[in-house]
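**Student:** Features from Swiss-Prot:
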type: LIPID; residues: 2; note: N-myristoyl glycine
type: LIPID; residues: 5; note: S-palmitoyl cysteine
type: DOMAIN; residues: 38-384; note: domain 'G-alpha'
type: REGION; residues: 41-54; note: region 'G1 motif'
type: BINDING; residues: 49-54, 163, 188-189, 194, 222, 288-289, 291, 356; note: GTP binding site
type: BINDING; residues: 53, 194; note: Mg(2+) binding site
type: REGION; residues: 186-194; note: region 'G2 motif'
type: REGION; residues: 215-224; note: region 'G3 motif'
type: REGION; residues: 284-291; note: region 'G4 motif'
């Protein structure tokens with residue numbers, strides 16, 4: 001009898017412990033479910049090369065702990081690859097222009113750099129790139145300074161030359177140091193095509209989550225073949241942050257050199273606006289790469305782009321930059337209202353001028369986005 005009671009007591013104790021564990025699991029699930037309800041989902045969209053991923057990296061630096069040493073080191077081969085790929089693009093572009101351009105002579109690489117150019121082009125075409133040594137960096141620097149390469153770089157918009165080119169070429173000695181660890185700026189400039197979906201959770205007010213919203217930001221591949229992966233992310237989105245690189249009005253797509261990048265951005269923007277699942281979703285439009293735009297607009301007329309063919313310059317210098325920017329902004333505003341159903345026009349729509357590489361601008365912009373979304377939430381709750 002005593003043995004039976006002892007067994008029953010053990011079973012009861014085990015049941016009690018199991019019930020306690022079950023209750024704890026259920027409590028945690030309930031807490032996590034409640035926490036999830038308070039997390040706002042942001043979708044970062046845009047065509048390839050729009051600067052989305054740079055914005056994403058800035059968020060990690062600004063509102064999280066940034067990149068630890070292991071993460072920084074992981075970018076070293078990426079940055080070295082960027083250098084090799086870029087110098088190959090410029091070398092091969094110069095050769096093509098020397099063969100086909102009317103003013104071909106200025107694209108002919110000097111005799112002392114021809115052999116170096118062929119060697120670097122071969123390296124740039126490999127699947128595995130060597131570590132950037134001082135010797136290779138010096139050869140790249142010599143080729144970069146060649147007059148033909150500089151003339152080719154001036155026509156980089158025709159050759160898919162990336163925005164990071166000048167920055168990395170001017171830092172070759174540091175990048176080739178045996179103990180090189182990328183800086184946060186190096187990481188921001190590093191060019192990696194986003195494939196699939198990456199996410200980050202953050203609060204623009206810092207660690208004190210009680211005083212601000214918590215966001216989960218999703219960055220997705222911008223190239224055409226990546227866009228089918230967006231679909232499952234569309235439900236339950238608080239806001240779409242759409243990045244448009246306004247400096248790329250004279251460039252063509254990486255994946256389709258017959259398609260103007262700005263026209264592709266326009267079509268993608270309009271397609272996103274029409275999606276039924278975004279009926280009540282706020283839209284934040286980032287007119288990005290303003291730093292490049294303000295330099296380019298003084299050299300390349302805005303009306304080279306079909307969408308902007310009715311643009312008329314009115315001045316020079318800073319006035320012209322502002323005039324051109326306001327014209328582009330107005331075009332996007334018109335597109336928004338033309339492609340938004342009448343019953344959706346009251347959803348939040350804001351436009352921000354951004355430079356993804358400028359941390360102060362990105363920080364200020366996201367605080368404005370946070371303020372806008374918090375006001376919307378208060379309004380919907382009847383508290384405003």
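Here, residue 1 is simply the first one shown, and the rest follow in order.
Including glycine, each Cβ sits where the backbone N, Cα and C put it.
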**Student:** Checking distant contacts: for the region 'G4 motif' (284-291), what same-chain residues at least six beyond its ends satisfy Cβ-Cβ under 8 A?
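**Tutor:** Long-range Cβ neighbours of the region 'G4 motif' (284-291): 46, 50-51, 55, 163, 239-248, 269, 325, 328-329, 332, 336, 349-358, 365, 369, 372.
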**Student:** Do me a favour and check the Cα-Cα span between residue 163 (GTP binding site) and residue 194 (Mg(2+) binding site); whole Å is fine.
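**Tutor:** About 16 Å separates the two Cα atoms.
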**Student:** Can you tell which of 49, 163 has the least company, meaning the fewest other C-beta atoms within 10 angstroms of its C-beta, among these binding-site residues?
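**Tutor:** Among the binding-site residues 49, 163, the sparsest Cβ neighbourhood within 10 Å belongs to 163.
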**Student:** Going by a 10 angstroms cut-off between Cβ atoms, which of the binding-site residues 53, 194 has the sparsest surroundings?
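**Tutor:** Each of the binding-site residues 53, 194 was scored; lowest Cβ tally within 10 Å is 194.
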**Student:** When secondary structure is assigned with DSSP, how many helix, strand and coil residues does the region 'G4 motif' (284-291) contain?
**Tutor:** 2 helix, 5 strand, 1 coil
**Student:** What does the structure give for the C-alpha distance between residue 356 (GTP binding site) and residue 194 (Mg(2+) binding site)? Integer Å is fine.
**Tutor:** 16
**Student:** Within the region 'G2 motif' (186-194), count helix residues (DSSP H, G, I), strand residues (E, B) and coil residues, in that order.
**Tutor:** 4 helix, 0 strand, 5 coil
**Student:** In angstrom units, rounded to an integer, how far apart are the Cα atoms of residue 51 (GTP binding site) and residue 194 (Mg(2+) binding site)?
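**Tutor:** Given the Cα positions, residue 51 (GTP binding site) is 11 Å from residue 194 (Mg(2+) binding site).
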